[in-house]
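This is the feature table in TrEMBL:
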type: TRANSMEM; residues: 63-85; note: transmembrane segment
type: DOMAIN; residues: 63-544; note: domain 'Major facilitator superfamily (MFS) profile'
type: TRANSMEM; residues: 117-136; note: transmembrane segment
type: TRANSMEM; residues: 148-167; note: transmembrane segment
type: TRANSMEM; residues: 179-200; note: transmembrane segment
type: TRANSMEM; residues: 212-237; note: transmembrane segment
type: TRANSMEM; residues: 257-275; note: transmembrane segment
type: TRANSMEM; residues: 382-408; note: transmembrane segment
type: TRANSMEM; residues: 420-440; note: transmembrane segment
type: TRANSMEM; residues: 446-469; note: transmembrane segment
type: TRANSMEM; residues: 481-506; note: transmembrane segment
type: TRANSMEM; residues: 518-539; note: transmembrane segment
Amino acid sequence: MGFRSMEERWIEWRCAAMVDGWKSGDDGWTRDRTMWHGKERRWRRREVFGFGYKGTQWYHFKAIIVAGMGLFTDAYDLFCIPPILRLLGRVYYEKDRIFRDKIFDNDDNNFFVRTDVAAALLCVSLLGTVIGQLVFGRLGDRIGRRGVYGLSLMVMVLSALGCGFSVCTSPGCVLVSLGFFRFLLGIGIGGDYPLSATIMSEFANKRTRGSFIAAVFSMQGFGILASSLVTMTVCGIFDGASNAKGKERTPSQADVAWRLILMLGAIPAAMTYYWRMMMPETARYTALVELNVLQAAKDMEKVLDVSMSQIVEDESLSLPQDPPSYPLLSKQFLRLHGRHLFACSASWFLVDVVFYSSNLFQSQVYGKFLPKKYKVNAYQDALFVALLQAIVAMCSTIPGYWFTVYFIDRIGRRKIQMMGFLVMALVYFALGIPYKFYWVKHVNPGFIVLYGLTFFFANFGPNTTTFIVPAELFPARFRSTCHGISGAAGKVGAIVGVIGFALVSHGKTEEHPKAVEMTVSLVILGGVCILGMVVTYFFTPETNRKSLEENEEYDEE
């Protein structure tokens, strides 16, 4: 039976109930109204739970691509910065500019952007991300997921283009302009986090929901790889077309190359704008928050390409209650959801302290395997850094994401998160404790493999699960907001990691960090991972194989 016949039966039954109520007086009307509310809630359950029990369809894979492009852009923007800093250091921070095209002495310090400047450039983007997650997360619950989804993407596209048009040629002016556009870019990226996770969780079925949300997040891995490939391609083309041979290190065209790399990151996001605008509002938001059951049913039929009568209800589930009346962060909210919000926020904060610090430490850990800067030109310098990042992405980062995609609905979120924190802690301790006595004199493939494991188990672990769990744990009217709060806490942790790295590294070259400070840094990161495992064990619930409605705690008063 199609949707129209269901609608007709609904209207017919409702009219009959009204007539019977008028005939039987107040008591009869109250009784009939109660019966009608029960039937309405059963119909609402059919529309809302349709996604929870309908099998995987082509639309789900399309949603992964459309929702994942924001995270793709996020990773592209983050991981194109290390090679771009090499170009910026060459163009704006060479100490003896009069000898720009002549042979320098063997001093790699001539080519660095200062650590505090690089940290500020990263922190301003992360600060924008914090604001974007809080603002767009709240808007996603107030005016709908779809209503602001395209806006966050347009902010990303325009600000990515703006990064390439950073004005002036003096170091200070260029970096201030670049920092401004990266702040706006961070706002767009931050807005995409809660919206993408919430939309995918509300579209997916409960059996494979974790895999689909993880697949959206795994687009970060492809963003990392794309940033490296684009950087290598641009630098290779510029190097081949220029006269910067040997030690003619910094041609003027290098100032164009880094701008082009940043601007090309806007293309994938721009290509998905149309499909984002064509996505309907999620049925759960329409039915449970807007209480527009008929529109939810129409949207679901269009998306699933199936009649509502073909969706089988699970009668073992309790009926969803009416939306709670208590406001966000009220005493009632904190009583019901405060523990979960703390678990999500604290876990995300701790993993981002580690994850962003580890990414920044790459230059120190792998620096000895790169050619000396005074032996290569600007393009080759950036190209080798991008090549190293591509190798790490293909060998550890991307496999970690896809291990999570495969195992998340088999093992569960909580176990994967605890395992990831534990293995990362053990690896950091294995690197940090003997660093001064062994590793500093024996930097070999074994050290590189161990360090690469931290990226694998971050992504086959808490870096991915902290993105998934907040999208499953909260009621529909708070889901996007709480995901935004959790993600904002994570990015605050990232800022802490970046500042901590800058304090440890200040005044030292990348290839020669002090052994004691590296030991302390690695051991601290291991301790943070242990704390993350403790928070997960005591506070994070398991959401695997549960419908979103089962994970909600409504006010029954």
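Note that Cβ sites are derived from N, Cα and C of the backbone, with glycine treated the same way.
Values in this document were obtained by computation on a predicted structure and should not be read as measured data.
I'd like to know what surrounds each of these features in this structure.
For the transmembrane segment (63-85), the residues of the chain that approach it from at least six positions outside its boundaries are 113, 118, 121-122, 125, 152-153, 156, 160, 182, 185, 188-189, 192-193, 195-196, 199-200, 203, 212, 215-224, 226-228, 230-231, 235, 258, 261-262, 265-266, 268-269, 271-272, 275-276, 279, 359, 362-363, 382-383, 385-386, 389, 393, judged by C-beta separation under 8 angstroms.
Within its own chain, the transmembrane segment (117-136) is flanked in space by residues 77-78, 81, 85, 148, 151-152, 155, 175, 178-179, 182-195, 356, 360, 480, 483-485, 487-488, 491-492, 494-495, 498-499, 501-502, which lie at least six positions past its ends and keep a Cβ under 8 Å from the stretch.
Long-range Cβ contacts of the transmembrane segment (212-237) within its own chain (Cβ-Cβ under 8 Å, at least 6 residues beyond either end) map to 60, 63-65, 67-69, 71-80, 83-84, 196-197, 200-201, 203-204, 257, 260-261, 264-265, 268, 379-380, 382-383, 386-387, 389-390, 393-394, 397-398, 400-402, 404-405, 408, 459, 464, 467-468, 471-472.
Here the transmembrane segment (257-275) has Cβ contacts under 8 Å with residues 62, 65-66, 69-70, 72-73, 76-77, 80, 83-84, 87-88, 91, 150, 153-154, 156-158, 160-161, 163-166, 226-227, 230-231, 234-235, 238, 378-379, 382 of the same chain, all six or more residues outside its ends.
Under 8 Å from some Cβ of the transmembrane segment (382-408) lie the Cβ atoms of residues 79, 82-84, 86-87, 210-211, 214-215, 217-218, 220-222, 224-225, 227-229, 231-232, 235-236, 239, 257-258, 362-363, 366, 369-371, 376, 416, 452-453, 455-461, 464-465, 468, 544, all in the same chain and six or more residues away from its ends.
Residues 339-340, 342-343, 346-347, 350-351, 353-354, 357-358, 361, 364, 414, 417-418, 421-422, 424-429, 431-433, 435-436, 440, 462, 500-501, 504 of the same chain sit 6 or more residues outside the transmembrane segment (518-539) yet have a Cβ under 8 Å from a Cβ within it.
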Checking distant contacts: for the transmembrane segment (446-469), what same-chain residues at least six beyond its ends satisfy Cβ-Cβ under 8 A?
193, 197, 201, 210, 213-214, 217-218, 221, 343-344, 347-348, 350-351, 354-355, 358, 365-366, 369, 392, 395-397, 399-401, 403-404, 407-408, 413-414, 416-417, 419-421, 423-424, 427-428, 430-431, 439, 486-487, 490, 532, 536, 540, 543
